[in-house]
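Enquirer: Encoded as structure tokens, here's the structure I'll be asking about.
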Amino acid sequence: MRQIAFYGKGGIGKSTTSQNTLAGMAQAGNRIMIVGCDPKADSTRLILNCKAQVTVLHLAAERGAVEDLELSDVLLTGFENIKCVESGGPEPGVGCAGRGIITSINFLEEEGAYEDLDFVSYDVLGDVVCGGFAMPIREGKAQEIYIVTSGEMMAMYAANNIARGILKYAHTGGVRLGGLICNSRNVNKEIELIEELAERLNTQMIHFVPRSKQVQEAELRRQTVIQYSPEHPQAQEYRDLGDKIVNNTKLTIPTPIDNDELEELLINYGLLGSEEEYKKVMEADMAAQALTRGAK
């Protein structure tokens, strides 16, 4: 069994990309379980064709404790027999969102949910790789990380930040970077830009996912493109990405770059963001550094 994880900046299309890709992998005969590790709990809705799955933390709070739950309470089966679990998170401003991830994974392991699977996929928020969100990496659960990014400044900044988190645990937990997935935003020279970023991070751009209205049309019906329009070219893009993940042997220890090098890369491609966007990056960087200092 291989344990993979999809990380990416909020709003980059990480959950949509992962669900479409995993749907294609399941259709090819792989036995898959998705563990949603994003407080939005939107990691499984396209597989289950529903609004949002009830989370482990929500049910545990209702029942009194996670020990009072049965596996059947939190594990649902969706498209192509993909098993689905959402860990959930606390109310905004209260507690650590990583608590739900830790609680869920421990519960699933104890209840035997990981048996008879080819892939377990963790769908993880990745704006800041704090201790909780880094848990699948830190505890050696996820062995292959795929970062969903685009040619936009904030998405690339987040990808580099995630690479830093992977590097931190690469030597102790054995986690590796499997590649960057470029979820296109139709930015100028986007393929070349992400290929160069991947090279600097000591990885590969494993696939370029073109932008398509078909994705939104499928989402309106709470479906993946694989389910909604299996013959559409966009469905084949996700199948191709899934095949590349299945056959991927280029698993590396990343070499994150500093902010000056990232800025230089954006300038070289004529894509440096506005002053407002630059301020956001600096604020996010200071917040990330404060979190790192607080964790020591």
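Using the three backbone atoms N, Cα and C, a Cβ is placed for every residue, glycine included.
A quick note: this is a predicted structure, and the numbers were derived from the prediction, not measured.
Per Swiss-Prot, the features are:
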BINDING   GLY8, LYS9, GLY10, GLY11, ILE12, GLY13, LYS14, SER15  ATP binding site
BINDING   CYS96, CYS130  [4Fe-4S] cluster binding site
MOD_RES   ARG99  ADP-ribosylarginine
Enquirer: Should GLY8 (ATP binding site) be counted as helix, strand, or coil on the basis of DSSP?
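Expert: The residue in question, GLY8 (ATP binding site), is strand (DSSP, three-state).
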Enquirer: Measure from the Cβ of SER15 (ATP binding site) and count the other Cβ atoms within 10 Å, all protein chains considered.
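Expert: 24, counting other Cβ atoms within 10 Å of SER15 (ATP binding site).
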Enquirer: According to DSSP, does SER15 (ATP binding site) fall in a helix, a strand, or coil?
Expert: helix
Enquirer: When the number of other CB atoms within 10 A of each residue's CB is tallied over all shown chains, which of the binding-site residues GLY8, GLY10, GLY11, GLY13 has the maximum?
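Expert: Neighbour-count leader: GLY8.
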